[in-house]
Amino acid sequence: MSENIKSLTLKGLFWNALDRVGFQLVITVVGIITARVLSVSDFAVMAVLGIFSVIATSIVDSGLATSLVRSKVVTDKDYSSMFVFNLVVSAVIYLVLFIAAPYLEKFYGIEQLALYARVLFLQLLINAFGIVQYVKVLKRAQFNITARVNVFSVILSGGIAVTLALTGFGTWALIVQPVLYTTFRSAMFWVWGDWKINFSYSASSIKKHMEFSLSFMTANLLGKVLSQLYGNVIVKYYDQIQAGHYFQANRWGETPNLLISSIVQGTTLSTLAPIQDDYARFLNACRKAFSTLAFVLFPVSMLAITVAYPGFMYVLTDKYENAVVYFQLLCAAGIFISFTDMNVNFINIKGRSRYALILEVIKLVSAAVVLFLTVDHGLMTIIYGQLLVRLLCYILSTRWSKKTYGYSLFLQLRDLAPYFFNSLVAACISYLPLYFSVVNNYLVLLIIQSVLFVSIYIGLNHVFKNSIWVEGIQMIKVKFKKA
């Protein structure tokens, strides 16, 4: 990896980490407070509406944003055409959902669902106003602006959501938060962005990006449907308490994996696009990014699994005790999601969005079949099926990663193995205090397990001199010398 790309990547990783960690920290605090204050059934509403929200958002974007980011030459006509296109599409989709809202309420039998839906889906229209400013910022690799916008927006919207929850507004706290977040985010991108509003439209401009963007949009859409499919079906076939347990387990189970992978993916999209035609450099950069992801992802996920019981009991209280085992399994499943998404990210950078589309079709069909076979056999069986589908999809994704840029399953496993085994050893040892009931205080137990895990993981990486750890230490030393 050249020094220029390396420097840009490190800068991107820093700001993306600050962005995603800051964002997730606020979301976690908001989530904990709302989980403790609101009833379990309140979260079933979000489980129902989530699938419609993500479908609509994917259609509105149409993959044009990603297409513009990865394109080497983008004109102002491209930006203005995208702006007009997104506004029109978002308005049409919102109108359709507005009309459909009463039918959703009748189908799911949840009181006021139509009103909740009409308010929540406003984020589609609002997001369309800020998408071009976001693309321009991302294309120039101005990760610091993105970080400021996202963190400030989530603090403001999260603060209002908590206030609503504490003052008795119930489900509205959950509905209003994403709408306000999108509003603040779009407004701030206009404050810090430099694109001047322009309503000129070119059909040819949209058309030239459609070959990539349609495949990307469809793949992204299917992925979003898959992520919401389980929760939506569970709400329909199980009671709202069980659905609420699943919603919380899935929400927190995917958090560490999606947080870490989003940091790496958000950086690589901008930094690797310029070297997409250099086969050797691109493969080397992909392997480094994969190893970096594994270095952080494995320990964070396995630590979360290890401390799940004291964590849930202390933070969310015993009303979510039944969600602990769901969380542990979904956290494990999330690891495979992150590595699959990383492969898809690199495939898209290479312009092969068709492969990503094929993979998403296979994922959705296989998930639907497995869900159909397991839905009558309890939540645990459903989640085991979910885990199996995600494992198989990761293995399948390596087929196209090998075909596209030479990164085979064997090479990936070789790069991932050191960090997996170090994390596994740390997890097994740090589980012992819980197994032997060393202390009865959940907070103390949580701290003991966490400190033990981190100490062992760092120690093993230092002893075996794993490459990412060694490079990280060297970078820190260089920074201190310069200071």
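Cβ coordinates are placed from backbone N, Cα and C, and glycine is handled just like the others.
Model, not experiment: these values are computed from the prediction.
For 21-38 (among others), the entry in TrEMBL reads transmembrane segment. Non-local neighbours of the transmembrane segment (21-38) in the same chain are 147, 150-151, 154-155, 158, 161-162, 165-166, 170-171, 173-174, 177, 248, 251-252, 255, 259, 263, 315-317, 320; each lies 6+ residues outside the stretch with a CB under 8 Å from one of its CB atoms.
Residues or ranges marked as transmembrane segment in TrEMBL: 44-69 (among others).
Per TrEMBL, the feature transmembrane segment maps to 81-103 (among others).
TrEMBL lists 115-135 (among others) with the feature transmembrane segment. Away from its own ends, the transmembrane segment (115-135) comes close to residues 45, 49, 52-53, 56-57, 60-61, 65, 68-69, 79-80, 82-83, 86-87, 89-91, 93-94, 97-98, 101, 104-105, 146, 171-172, 175-176, 178-179, 181-183, 185-187, 189-190, 192-193, 195 of its chain (Cβ-Cβ under 8 Å, at least six residues beyond either end).
The annotation transmembrane segment is assigned in TrEMBL to 147-166 (among others). Outside the transmembrane segment (147-166) by six or more residues, the chain places 15-16, 18-19, 22-23, 26-27, 29-30, 33-34, 37-38, 172-174, 176-178, 180-181, 183-185, 188-189, 192 with a CB less than 8 A from a CB of the stretch.
Per TrEMBL, the feature transmembrane segment maps to 289-312 (among others).
According to TrEMBL, the feature transmembrane segment maps to 324-343 (among others).
The feature transmembrane segment is assigned by TrEMBL to 355-373 (among others).
Annotation source TrEMBL lists transmembrane segment at 379-396 (among others). Beyond the ends of the transmembrane segment (379-396), by six or more residues, the same chain brings 230, 234, 238, 242, 245-246, 325-326, 329-330, 332-334, 336-337, 339-340, 343, 359, 362-363, 366-367, 370-371, 373, 409 to within a C-beta distance below 8 angstroms of the stretch.
Sequence annotations record features per position, and here TrEMBL assigns transmembrane segment to 416-436 (among others).
The transmembrane segment annotation in TrEMBL covers 442-460 (among others).
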